[in-house]
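Just below is one structure, and these are the notes that go with it.
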Protein chains: 2
Amino acid sequence: MQRLNSASGDFAARFRALVEAGRGEGGDVSAAVRTIIEDVRQRGDAAIAELTARFDGFDPAGELRIPTGRIDAALKRVDKDLLAAMELAASRIRAFHEVQRPADHQQVDETGTRTGWRYSPIAAAGLYVPGGRAALFSSVLMNAIPAKVAGVEQLVMVTPTPGGEPNDEVLAAAKLAGVDTIYRIGGAQAVAALAFGTESVPAVDFIAGPGNAFVAEAKRQLYGRIGIDMVAGPSEILIVADSGADPAVLAADLLSQAEHDPTSQSILITDSPSLAQAVLAALPAAFDAISTAETARASWDANGAVIEIADLSEAPALIDALAPEHLLLAVRDPDAVFARVRHAGSVFLGYDTPEAIGDYLAGPNHVLPTGRRARFSSGLGTANFMKRTTFLGCGPEGFQALGPPAARLAEAEGLPAHALSITRRLDRGA
Amino acid sequence: MQRLNSASGDFAARFRALVEAGRGEGGDVSAAVRTIIEDVRQRGDAAIAELTARFDGFDPAGELRIPTGRIDAALKRVDKDLLAAMELAASRIRAFHEVQRPADHQQVDETGTRTGWRYSPIAAAGLYVPGGRAALFSSVLMNAIPAKVAGVEQLVMVTPTPGGEPNDEVLAAAKLAGVDTIYRIGGAQAVAALAFGTESVPAVDFIAGPGNAFVAEAKRQLYGRIGIDMVAGPSEILIVADSGADPAVLAADLLSQAEHDPTSQSILITDSPSLAQAVLAALPAAFDAISTAETARASWDANGAVIEIADLSEAPALIDALAPEHLLLAVRDPDAVFARVRHAGSVFLGYDTPEAIGDYLAGPNHVLPTGRRARFSSGLGTANFMKRTTFLGCGPEGFQALGPPAARLAEAEGLPAHALSITRRLDRGA
């Protein structure tokens with residue numbers, strides 16, 4: 001953890017170092033991933049079976065797909081109150097993403113020329129869900145529901161199941177979200193299977209969902225052949241707080257990010273030196289209260305920061321430089337600060353809005369740009385699972401008005417067949 | 001060129017081969033590109049100068065940036081009628097992309113919980129404009145205008161200038177489109193300069209624009225550090241025509257795609273055997289009429305196809321399988337066919353709508369998904385230069401309603417600090 005003060009002479013340099021510090025997991029896995037992808041492309045299910053035996057410790061033996069009965073049974077086994085919370089989440093996420101569905105458009109200009117666009121859903125999408133320690137059923141909801149709201153007909157989920165046994169909550173979430181089929185495979189091999197298709201696994205057009213370094217690199221290498229949601233990195237929260245915030249609450253907020261992974265980052269910016277001190281004083285009790293303290297402490301020690309500023313008006317520039325995935329504005333007038341912020345994945349407004357509510361069930365998506373990518377990219381939304389087809393229709397009058405200047409431009413670009421396609425229509429009196 | 005007939009026994013197999021045929025330029029340039037990127041990252045302008053001397057045959061000698069005076073002079077030298085056509089194009093493209101600007105949204109639910117999103121422009125974007133033989137000033141308009149409509153403040157163009165001399169039309173288009181600065185550099189080294197910044201070239205957040213295999217691979221390798229418009233491949237047109245279409249016109253339409261590059265593809269689908277024959281008979285005269293016949297013939301011979309179908313109702317399934325960049329519906333009722341099409345980059349409706357009008361000045365963007373990527377991606381639009389920040393604001397009532405189920409979900413996912421961030425707020429009576 002480091003402390004910065006915007007009044008210090010070395011602030012600019014230290015802040016820039018903080019902004020530019022990489023928190024990557026290190027290790028170039030690109031060659032290993034390339035080998036796995038090529039193997040799956042050439043040998044299909046046989047390669048999948050071998051890689052699953054090697055990495056997940058079981059032989060899928062032709063049963064790559066999780067049967068419907070197993071999914072229904074999982075849904076029945078999930079605690080009733082947990083299921084109710086999952087259903088509330090699903091319903092709110094669905095409602096929010098329905099509002100996000102992009103609109104079609106058509107316009108006709110003074111020459112009678114029609115232009116516009118039409119959105120249509122991707123036909124088949126894949127969803128990667130990490131397995132292992134954490135059962136991230138919320139990730140299933142956040143990825144699958146937008147796909148289904150968009151109108152994706154074939155939504156194929158893959159998830160590694162160490163030992164072969166899938167997680168009940170993950171299966172239940174998939175069922176609630178409308179996932180069509182689930183395969184118990186993971187890693188770069190699962191991504192490759194979705195991109196190329198195998199005897200058992202259908203090929204899809206688009207792959208979403210988080211994963212480890214192998215999964216992320218596989219998506220990157222296959223981008224172009226298929227669409228992907230984003231290149232994701234370690235997660236982060238930036239909290240801007242004033243003296244009205246509760247230090248014990250902020251300590252929990254900081255650790256709620258830190259507990260994800262040692263590479264996560266939590267930063268507090270405040271104009272109140274006493275609040276900064278109180279939050280630091282509250283951290284030991286917060287660590288003591290959580291079973292994930294080891295991970296949270298590793299993250300906080302390596303990547304945490306507390307930045308004191310003289311006035312809240314300094315905050316927006318610092319926020320934009322960090323372009324955080326999550327921004328919590330625990331201040332009296334959060335909208336005033338938000339109005340001056342430009343680069344952030346998702347913003348949590350006010351003392352009563354912990355990120356966790358947004359992570360699970362408020363409605364907006366929790367799949368967000370990390371590692372300063374909020375400068376140029378957005379969180380996952382309904383439109384990621386759709387594509388836009390533009391169109392143009394010239395009538396005779398529009399053609400007469402637009403054809404000659406278009407032909408002039410084509411000639412100047414040295415593309416005579418382009419010009420010919422226009423002049424021949426002019427010749428025949430179009 | 002190959003001919004297919006949907007009534008033939010081998011049609012399914014031959015059509016699938018056509019769909020799956022790669023038209024890549026071959027040769028893996030990834031290692032060479034990786035070396036160039038690393039060189040520019042480490043040595044900045046010095047590396048750029050060496051690479052420019054090697055690839056473009058001149059020493060930029062500290063004058064990487066094209067001076068404003070040179071740009072103004074270019075604008076004055078461009079033919080007046082050509083400039084007028086460029087201005088018409090710029091104005092129509094601008095109007096169309098202004099309509100595309102995505103809307104912000106805010107909603108408040110029954111618990112008083114606010115959710116929504118806000119769009120903001122990317123701050124700095126780079127635009128790659130190919131040099132060499134063709135002076136693609138239309139590419140400048142199609143890439144730069146959406147960026148400026150989106151609100152990008154710093155739009156930086158790079159373009160290789162073999163021998164050091166930039167093209168007047170390209171500079172004029174950049175001026176019309178509002179490009180802020182232009183550098184006479186190209187290749188993977190220009191893309192790397194934009195991604196990392198050098199002593200002379202500012203770093204940007206997003207890079208758009210077409211380029212050769214080196215440029216495309218550089219964008220792909222840097223994707224994630226910066227945003228990119230798309231992974232592009234060879235261009236294509238699919239024409240669906242009925243007996244009402246003019247064969248001589250269609251011959252020009254087919255060649256207007258073929259003249260771009262030997263890897264381009266032109267396909268005609270028709271329900272009229274006599275039209276198919278007449279188009280083939282009209283091709284020699286069309287080749288004779290264009291100075292680009294050599295390229296067009298290479299493309300048509302290698303990648304062209306004529307597909308006869310028994311009835312137009314067969315067309316939509318074939319269109320969706322090909323997912324063409326450009327789809328020309330030269331039929332009596334183009335809207336009826338379009339209504340059944342799902343995967344296409346841009347559609348040109350009716351006998352009087354040559355692709356060339358859309359390529360230059362109708363308004364919709366000509367930067368479109370190629371190589372069947374219309375299955376999952378869209379053409380360039382205003383939103384590519386913006387990003388969406390979602391937000392959430394809970395008041396006390398919304399927090400009381402959503403906090404407990406969110407905490408339940410966090411506990412089930414094994415994330416106790418997430419739950420703690422909620423329960424501590426509940427304890428203090430938020």
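Cβ coordinates come from backbone N, Cα and C, glycine included.
In the record from TrEMBL, residues B:S235, B:Q257, B:H260, B:H326, B:E413, B:H418 bind substrate; the candidate from B:D168, B:D180, B:D205, B:D359 listed for the same site is B:D359. Cross-referencing B:Y119, B:Y128 against the NAD(+) binding annotation in TrEMBL, which names B:Q189, B:N212, picks out B:Y128. Taking the Cα of B:E325 (active site, proton acceptor) as the reference point, the closest of the binding-site residues B:Y128, B:N212, B:S235, B:H260, B:E413 is B:S235.
Other Cβ atoms within 10 Å of the Cβ of B:E325 (active site, proton acceptor) number 29 in total over all chains. Of B:Q189, B:S235, B:E325, B:H326, B:H418, listed as recorded positions, those near chain A by the criterion of a Cβ under 8 Å from one of its Cβ atoms are B:H418. Whole-number maximum of the Cα to Cα distances across the NAD(+)-binding residues B:Y128, B:Q189, B:N212: 12 angstrom.
The CA atom of B:Y128 (NAD(+) binding site) is located 17 Å away from the CA atom of B:S235 (substrate binding site). Cα of B:Q189 (NAD(+) binding site) to Cα of B:Q257 (substrate binding site): a span of 29 Å. Cα to Cα, B:Q257 (substrate binding site) and B:N212 (NAD(+) binding site) are separated by 17 Å.
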